[in-house]
Amino acid sequence: MTFNSFEGSKTCVPADINKEEEFVEEFNRLKTFANFPSGSPVSASTLARAGFLYTGEGDTVRCFSCHAAVDRWQYGDSAVGRHRKVSPNCRFINGFYLENSATQSTNSGIQNGQYKVENYLGSRDHFALDRPSETHADYLLRTGQVVDISDTIYPRNPAMYSEEARLKSFQNWPDYAHLTPRELASAGLYYTGIGDQVQCFCCGGKLKNWEPCDRAWSEHRRHFPNCFFVLGRNLNIRSESDAVSSDRNFPNSTNLPRNPSMADYEARIFTFGTWIYSVNKEQLARAGFYALGEGDKVKCFHCGGGLTDWKPSEDPWEQHAKWYPGCKYLLEQKGQEYINNIHLTHSLEECLVRTTEKTPSLTRRIDDTIFQNPMVQEAIRMGFSFKDIKKIMEEKIQISGSNYKSLEVLVADLVNAQKDSMQDESSQTSLQKEISTEEQLRRLQEEKLCKICMDRNIAIVFVPCGHLVTCKQCAEAVDKCPMCYTVITFKQKIFMS
């Protein structure tokens, strides 16, 4: 699978706007904001949701549909409001893409204003069904209207609301399939009985042809970002008689804990007794787990998810998010952004560690996965190239098996890599010009010195320009970069070896 967004059937979009198809998808618009000013009062995601693309100049954005440009954003600005003000007849703001797809799909016999979409991925035919380019809820949210999705639309299959019910659908799951039924069911998916094809009980989206490095939750979110289950919204399924029956049979399908007696931290920590295993029992208890008394097996009191065979370096919260991302306790404690980031990181790690031959489609997938990482986007804003970031991330994952956990460490390694590269280039140049060893050493030492005091080593990267020129003490006294005179919005401390 690649990170390319879905494109609707061309019959759903008039010929005169075919060139706009690429940016009908919100994430394709968001990708243009890689170098958008990080200090903007209005976030890149908000602007992309309102139909804007980044122009690359200041904070100026432009609508992909009407091409109206807006800049000089202020705190409290409404992206949709300003868009509507400058271009009240914009097709995007007025729901043209949503309404057009609904009209076409109705004509083709598909209910609820939804049409078939496919993702062409070279040799891959991983696909999705029943997803419009913009969901009705997203349109109402964007235009400021009240979101009112009737229970007859969501979820698509109330009988599969509970994870247990979805898990039972995998009785004939093929042996060749790469993902486990438990992981798929946890991501809201149930087996359709055809090949390795699964379907979301909520949005109705279908996925198949799974690859070894795929993660169910990541792919669900990537292909169906507006799914209410993915977004963690309340589905209000209790109004459905089928759902009530399902709730009685499967208590875990509600927001209530699977094991209420273990809802308190003290109760969970008590179960660990004389815990002798490598993972800290306090961390396990805080992450919602209690001990089962069988080796290092633990179970979450809320979702009922179990884990075992712990490694010393594993973090309980991360493992909880990796294997049971739909857990309500996890969502309440850590938030959806944390869960998403964990899946982005693990998806990249497993692709790089397990795959020996990188096909063009897999390379694109890895690139897109790296690009989604918030740390990567911040490093790009600081002036580092995507090529250098990708290279150093791949090296770290191949060596250690894990990705970077903090921006500070990533930036430090990038700076050190640049320094090593500069040393190599300097060494080659010195040999060509027959410069003495003493001269080479002097130059390298000067490169590390603060360009203001020429006494202490450089230790601060200026954002957004990315220049590395001063020590910590001298950096405190400047508001503009001494190299390019750009106003400094943030000063990132780094460590040089």
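Cβ atoms are placed via backbone N, Cα and C, with glycine included.
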Which candidate in Lys322, Lys387, Lys391, Lys448 appears in Swiss-Prot with the annotation ubiquitin cross-link? Lys322
When Swiss-Prot marks a stretch as region 'Interaction with caspase-7', which of 114-122, 141-149, 177-185 is it? 141-149
Selected residue, Swiss-Prot feature ubiquitin cross-link, from candidates Lys328, Lys491: Lys328
For the feature S-nitrosocysteine in Swiss-Prot, which residue out of Cys303, Cys450, Cys471 does the record point to? Cys450
One of the recorded positions Cys300, Cys303, His320, Lys322, Cys450 has its Cα closest to the Cα of Lys328 (ubiquitin cross-link), namely Cys303
Which residues does Cys300 (Zn(2+) binding site) neighbour through Cβ under 8 Å, counting only same-chain ones at least six apart? Arg258, Ala287, Gly288, Phe289, Gly306, His320, Tyr324, Cys327, Tyr329, Leu330
At the Cα level, what's the spacing in Å between Cys303 (Zn(2+) binding site) and Lys322 (ubiquitin cross-link), rounded? 13
Could you say which of the recorded sites Lys322, Lys328 has its Cβ with the most other Cβ atoms inside 10 Å? Lys322
One should report the C-alpha separation between Cys450 (S-nitrosocysteine) and Lys322 (ubiquitin cross-link), rounded to whole angstrom, as 43
Using DSSP three-state counts, the residues of the zinc finger (450-485) come to 4 helix, 9 strand, 23 coil
Averaging the per-residue pLDDT over the region 'Required for interaction with SEPTIN4 isoform ARTS' (262-277), what integer do you get? 93
For the region 'Required for interaction with SEPTIN4 isoform ARTS' (262-277), give the DSSP counts of helix residues, strand residues and coil residues. 7 helix, 0 strand, 9 coil
